[in-house]
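Below is one structure, written out as structure tokens, with a few remarks after it.
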Amino acid sequence: MAGLGRGRGRGKGYMSFSIEAVGIGKGENLPPSILQPTPLFPPMEHKPVPLVMGEEAEYMLALKQEFRGNMKTLPFYVRPAVSKKDVERYSDKYQNSEPSDNTLEWNPDWKRLPKELRIRVKKPLKENTSLSVDTPVDPKPSKKTRVDKEEIIHKLEVGITLEKKEEEVTSDEEEGEKKKQEEEQQDGEEEYDEEEFEEETDYIMSYFDNGEEFGGDSDDNMDEAIY
Amino acid sequence: MTAQEVRLCGLLLQEHFGEVVERIGTHLLRGGAQNLRTIANETNTPLDLVKKSLCVLVQHGACEFGSGRRGPGSPVEYRASCERVLRVLRYPRYIYTAKTLYGDTGELIVEEVLQRGHMTMSNTVKTVADRLTHNMEEGRSMEYSEVVSAFSKLVETHFLQRCPPVAEMGTAATSTNPATPGTPAASASTAPPTAESNPDCYKLPHVTLIGRGKRRRSSDDSEEQRGGKKAKMDSESCGDEGIYWQVNFERFHQHFRDQAIISAVASKLDQTSSEIVRTMLRMSEVTTTQTAAYTQPLSANEIFRSLPPNYSISRPILDQYLSLLVDDPMEFVGKSGDSGGGMYVISKEPWPTWRELHWSLWYRRGWCVCQSWFGSRSARIFRLLLRKRHLEQKQVEDFAMIPAKEAKDMLYTLLSENLVQLQEIPKTPDHAPSRTFYLYTVNQLPTARLLLQHCYKTVANLIERRLFETKENKRLLEKSQRIEAILASLQASGAEPEQLTEVEEMITAPERQQLEALRHHINKLDSTENQVDETVFLLESYIFSTKTK
């Protein structure tokens, strides 16, 4: 810009250009130089122009506020899942109200998105269906420590019914909520996890006899009498 | 991307999509193209949330993805678009324009498409029909065909366009799926395809949608709401899968510019001439491409035939008006031939008229700014400098008729705010200060940019203030919402008036006053944002027009 160098420390009155040209008369008092940043709310010398009011402006205002309100209810408003409270509550198992991180509440057209963004959603399990864990990125099955919410077939035999819950699978390992995931085989052979049973139900497992062992011995040696 | 722009974008993303998307979005805006892992690591966000946010951003067109820098083998990179996010500020204006042009149906169509980013035609029609039915009286419902006709009109006039086809990419992440070899075009071109490059951009798909809107019963309300809001795909396919429609912002901008021209003509000349110009513009709406210098030449005969019926002016008078428009120094209309009773064009591009018009619209804004910041006399100086381009100190005082001392003061204030600049012209080769001219001038383009940044800062401040006010009074707002909900449920179940008044009295009178004041403030802040956006549009438009010469 032009020669407005204020004498860079050479003291007032000596400038690199003739100050008469710019219009400052001799001996005139220049305003003092400011040595601090401008105030946050400087006083306004002139009142601002009033807002345009009218039907159009009001309608647009209403449109805007309505739009914002609608956006908050749409699934595009991403809310991170709230982490579990300190103590795990009994009712947590039966309440699945909060959306978890690895779900997408709407169905985008996956063909228009790169593959790596895909978050798979599983349908509820049916009996004797195999769970094919489809991991596009990581073919290794991921055993994570998560709370079990899956229906296990042989629990039905034992007479305990659990509710079917939807299970979602991420395509990559994640921290975040703790959910346990187990893979199921076709023929339904699962690990019989007694400790898990004891956590899940109200009944003390050791008192309960599921009757499996009842007829088991009858296969060998039918000649002996059974008392 | 300036700091102010990024800040404003962040606030807009936060308001519409939540804080997570805001964090990812701002990170992308600041950092340029990045891949998924980098984003997740640098923002310390769980990968799933990052994926969700990116899906949301891509859905709304705010983010694009492409193969990485190192070629097709590297991970996918994502790029956010600042300009696209800033458009969110203008959504109410788009919706309102659709309403003025195509009625309530058009308004709802545009609103739905803006809310969802992009939608198929069948989905849009169904949702809009349901919404319209909901607002109608009992027993009446909206026919799909009416909605379809409004949709077609929007597409024909190019307000809606098909989304550009997505380039196929082989992702590097999967080792099991090798990149498909049959996509030579996509891997060769690095630029993402635009909507206009698709020849079928404005072609409607062949679907027959027959039906009526469904009315939401109060008993099914929650279920339908979930169905409607979550945009579940219907089990029956309508034959237009994969064809998504988005709003064509450029077309809306063209419309706004046309409106600006018409109102400028109306204020300079009179109503009838503005009607003539409006007719000319409407006739050439779709035939002129956006970057054309002039509209197609229109003969006076055509114009005469296309005038709206309530403006019945005779042919010779029309000719007089046209010659008036041509002779006007603003050069709104140019004459390009004599066949058919005279061929007339409207110049739409930077040189000469459009730029002049832009410039004049812009300088009015600058002048208004000047006036509101510094008073009307500074504004007078500003206007003078714009008109006369370069003036010396002494000349400024003379022309503006302001005493020397005050003129000096004002000039220096304007100078310190960078609205005017000082230009040196040396008389002698040694640039001696005593023999140099110092001229005051206004550099239009940098000043326009400065004003634009000020506007962005203003809007960001407005939004922040509004959020602050809302947060301060959160408790009160929540209480009033709860009470309204209670009242609504009581009324629905048929309560006594005493019960209603009892519930209403739970809000005390001072609280009511506070609420009222709060609502007033928030409305004012919102309304101001809308109006600043008008200036933003004008300035952006001007700056853009200087780039494409």
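Note: Cβ is positioned from N, Cα and C throughout, glycine not excepted.
The domain 'RNA polymerase III subunit RPC82-related helix-turn-helix' annotation in TrEMBL covers B:8-66. TrEMBL lists B:150-346 with the feature domain 'RNA polymerase III Rpc82 C -terminal'. Sequence annotations record features per position, and here TrEMBL assigns compositional bias 'Low complexity' to B:170-199. The annotation region 'Disordered' is assigned in TrEMBL to B:170-236. Annotated compositional bias 'Basic and acidic residues' per TrEMBL: B:218-235, in sequence order. Residues or ranges marked as domain 'DNA-directed RNA polymerase III subunit RPC3 winged-helix' by TrEMBL: B:369-442.
Mean per-residue pLDDT, taken over the domain 'RNA polymerase III subunit RPC82-related helix-turn-helix' (B:8-66), amounts to 89.
With DSSP classes pooled into helix, strand and coil, the tally for the domain 'DNA-directed RNA polymerase III subunit RPC3 winged-helix' (B:369-442) is 43 helix, 15 strand, 16 coil. In terms of DSSP secondary structure, the domain 'RNA polymerase III subunit RPC82-related helix-turn-helix' (B:8-66) contains 44 helix, 6 strand, 9 coil.
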